[in-house]
Each structure stands twice: as structure tokens, then as C-alpha cells.
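Q: Before I ask anything, here is the structure I am working with.
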Amino acid sequence: MPPRVEGLYAVTPDGLDDARLFALAAAALAGGARALQYRDKSGDAGRRLRQAAELQRLCRAHGALFIVNDDVELAERIGADGVHLGRDDGDIAAARRRLGADAVIGASCYDRIELARAALAAGASYVAFGAVFPSRTKPHAAAAPLSLFADAAALGANAVAIGGIAAGNAGRAVEAGADAIAVIGGLFDADDTAAAARALAGWFGAR
């Protein structure tokens with residue numbers, strides 16, 4: 001059975017060089033991130049393999065899950081904990097067959113509970129809803145109501161909130177029932193990533 005994704009879920013931004021990426025990821029993990037998703041949309045396979053391998057090492061050192069965005073082959077090659085798939089990123093059932101019963105497979109469900117139902121039926125182990133707040137990373141994303149987390153709980157789903165989450169609004173997502181909060185800018189654009197991670201992770205200690 002796949003492990004649940006819970007607490008602070010760090011998602012790396014595009015375009016960072018190795019040193020900056022690894023330093024910020026280490027800070028997020030030290031601050032309390034319990035999972036980290038490697039998101040890199042470049043076509044440089046060598047860069048992606050190199051960065052993913054080091055990020056996985058950091059996650060192992062901190063006891064955190066390591067998830068690869070949109071690349072089942074890379075996740076399989078390095079033995080990542082799992083993969084996250086968006087609407088156009090691949091087939092959930094095929095990823096489950098390839099990665100096995102214990103892999104974490106996440107699915108972007110945007111603002112639609114029916115996508116969550118379909119993803120779970122296909123073999124997803126968690127579903128992500130967003131943007132729950134206005135997002136700089138995806139400014140044109142549809143707004144996902146926080147009521148989706150009660151709907152997801154009724155399905156027995158491991159549910160993740162994403163989109164515009166920062167220390168000042170994270171509590172609203174947690175109180176609505178999100179099992180995890182996926183954060184990009186609120187962590188990696190912060191002046192102090194470790195401190196931002198502690199503040200975000202702290203919402204789960206209070207629940």
C-alpha cells in the first residue's frame with residue numbers, strides 16, 4: 001500500500017541551478033517538509049536525472065517522500081517513491097502497473113471532484129485540488145473551492161491542496177480538511193525557506 005502524503009509537500013520551481021535547487025530543497029526538508037516533488041519542465045534529460053538523484057538522496061536523509069512530476073520513466077529509473085500526473089501527463093493506470101502497488105501516484109484534479117473519483121478508480125493514491133488560492137505559478141488556474149476537501153474525505157481520499165498557499169492562508173486549507181499542502185512560491189521565494197517551512201508545517205501540528 002502506498003504511503004499517505006501528509007503535512008507540508010514542497011514542490012520545486014523550474015529553472016534553478018543545481019546549487020540553488022539543492023540548498024533550497026535541503027532547507028525546506030530541514031524545516032519540516034514531509035514530501036518533495038521534483039518539477040522541472042526542461043527537456044534536458046541529463047540535468048533531470050542528476051537533479052532528481054540528488055533530491056532523492058536529500059529526501060532519504062530527512063525521511064521524506066520523493067515524488068517526480070510528470071515522468072514515470074525517471075521515477076522508475078531512480079526508484080522514487082512515486083509520481084505526480086496532471087491532466088496531460090500520462091495514464092494513471094499505466095503508471096500504477098509500471099511502478100507497482102506501493103508507489104505514490106498523485107493526480108491533479110483541479111476544481112472537480114469527478115476527476116478525483118476517476119483518478120482513484122484508476123489507481124491514484126492521492127488527489128490534488130487547486131488552485132485553492134490565487135497562484136503566481138499558474139495565474140490562470142481555475143479556483144478550487146475548499147469544500148472539495150470535505151467531498152474528498154467522503155471518498156476516503158488522501159487529498160492535497162495546491163495553489164497560492166503561504167503561511168498566512170495555509171490554515172484555511174488545513175482546517176477545510178486538506179491532508180497536505182503543496183507549496184512552491186510560499187517556500188522557494190521566501191527570504192528564509194527553512195523558516196517558511198516551519199511556519200507551514202506548524203499548521204499540521206495544531207490539527
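Just so it is clear, glycine is given a Cβ too, placed from its N, Cα and C backbone atoms.
Pulled from Swiss-Prot, these are the listed features:
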| type | residues | note |
| --- | --- | --- |
| BINDING | Q37, Y38, R39, D40, K41, N69, S108, K138 | 4-amino-2-methyl-5-(diphosphooxymethyl)pyrimidine binding site |
| BINDING | D70, D89 | Mg(2+) binding site |
Q: These are the binding-site residues: R39, K41, K138. Which one scores highest on other Cβ atoms within 10 Å?
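A: Buried the deepest by this measure is R39.
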Q: Expressed to the nearest Å, what is the distance separating N69 (4-amino-2-methyl-5-(diphosphooxymethyl)pyrimidine binding site) and D89 (Mg(2+) binding site) at their Cα atoms?
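A: Distance (Cα to Cα, whole Å): 9 Å.
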Q: If you draw a 10 Å sphere around the Cβ of S108 (4-amino-2-methyl-5-(diphosphooxymethyl)pyrimidine binding site), how many other Cβ atoms fall inside it, taking every protein chain shown into account?
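A: Neighbour count, Cβ to Cβ under the 10 Å cut-off: 23.
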Q: Just to confirm: which same-chain residues, 6+ apart in sequence, have a Cβ under 8 Å from the Cβ of D89 (Mg(2+) binding site)?
A: N69, D70
Q: Are there residues of the same chain, six or more positions away from Y38 (4-amino-2-methyl-5-(diphosphooxymethyl)pyrimidine binding site), whose CB falls under 8 angstroms from its CB, and which are they?
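A: Expected: T12, R48, Q51, A52, L55, F66, I67, V68, N69.
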